[in-house]
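Per TrEMBL, the feature transmembrane segment maps to 88-107, 119-137, 149-168, 188-207, 219-239, 251-275, 287-305, 317-338.
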Amino acid sequence: MNNTGQASNTSGSNSENNQIKGFYDSATAKLSHYTGEEGAVKVNIGDLFSEVFKHHTKDEANSIFIAGTKTTTPALADVSDEWAKPWLFSRILLGFLLAFAALLYMADSFENSNAIPGLIMVGAFAVPFSGLVFFFEANAFKDISLFEIVKVFFIGGIFSLVVTLFLYQFVSFSAANQIFGVLTLKDSLAIGLVEELGKVLIVSYFISQLDVRHILDGILIGAAVGAGFAAFETAGYIYNAGTNDLVAVAILRGWSAIGGHLVWAAIAGGAIMIVKRDQPFKFSQLLDTRFLVFFILAVLMHATWDWDVTVLGSDYLKLILLIVLAWIVVFVLMNAGLKEISHLKQQAQS
């Protein structure tokens, strides 16, 4: 009887796994269609992060950071169409975490209030900037320098906030929000649309200004704007939380930043490049269905994130599910970016 029960449990587990895999394959295949590719997206997460726990030298780190200049940008023939194996982002994140712990120790054990500003900035920048380094490493073309990306991070992040605040002047919120501070679905949709549109406008500017021509480039520029937006917004939230809740807010917004503005803007950036390709950027391209599908997904994920609704009674479970969903969409776009390399190589040979 026990063996029968175990077999039944195994069969049920396999059936559930097959259903999840079937749903994933179907969803990624449909999304891939809008990128110009066909079929489900296969991502080996273990292989993707396989270099994280290996030893790497300073020379290896330096070779990553100097990418994107005229002398270090590889020729198309030398660009790999295989999934990258980023690792440097994990060292950047570890450095931020150590700095945060040291500043927290200073503020708590020595009651030194001078550590508070540093605690706010490190807590706000840790995950967004580390995530940006991940996308920098994942850009197989290696044709955008770290200098340009840091510039987009700061200038793009700040100006996307400015544009967003301007757009908010044309939005009104529900009575429930004004009286009780509760975000209705309509409120959340308004927030999602305004903030994603604010970032898209800035991402579009930098895509045009840098004259990038590849999907992976668009993802990177979008991630830079989104990371800057997230970092400066989070710094404000941590500051306004006050001393008592500072650490709790920093931790919550820190770990959840991995699936927020950083990736929503990366999705928009990649989607712009699907439409633009090697043509000059035009705002009419933002009305293309291929862009709108991904942009609307980003808006809906953002709206659900802010909406005062839970999944099985848990806010954290909702955030985790949204983070997973956002990264699935990112992987679809990254897959299209890698396929683009193969297509370009074939065109060059013909």
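The backbone N, Cα and C atoms fix where each Cβ goes, and this holds for glycine too.
Caution: TrEMBL annotation is automatic and unverified by curators.
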Tertiary contacts of the transmembrane segment (119-137), as residues 6+ beyond its ends and Cβ separation under 8 Å | 64, 67, 84, 86-90, 92-93, 96-97, 99-100, 103-104, 107, 144, 146, 149, 153, 219-220, 223-224, 226-228, 230-232, 234-235, 238-239, 246-247, 250-251, 253-255, 257-258, 261-263, 266
At an 8 Å Cβ cut-off, counting only pairs 6 or more apart in sequence, do the transmembrane segment (188-207) and the transmembrane segment (88-107) clear the bar of 3 or more pairs?
-> no
Can you tell me which of 88-107, 149-168, 219-239, 251-275, 317-338 gets the most C-beta pairs within less than 8 Å of the transmembrane segment (287-305)?
-> 251-275
So, does the transmembrane segment (219-239) come close enough to the transmembrane segment (149-168) to give 3+ Cβ pairs below 8 Å, pairs being at least 6 apart in sequence?
-> yes
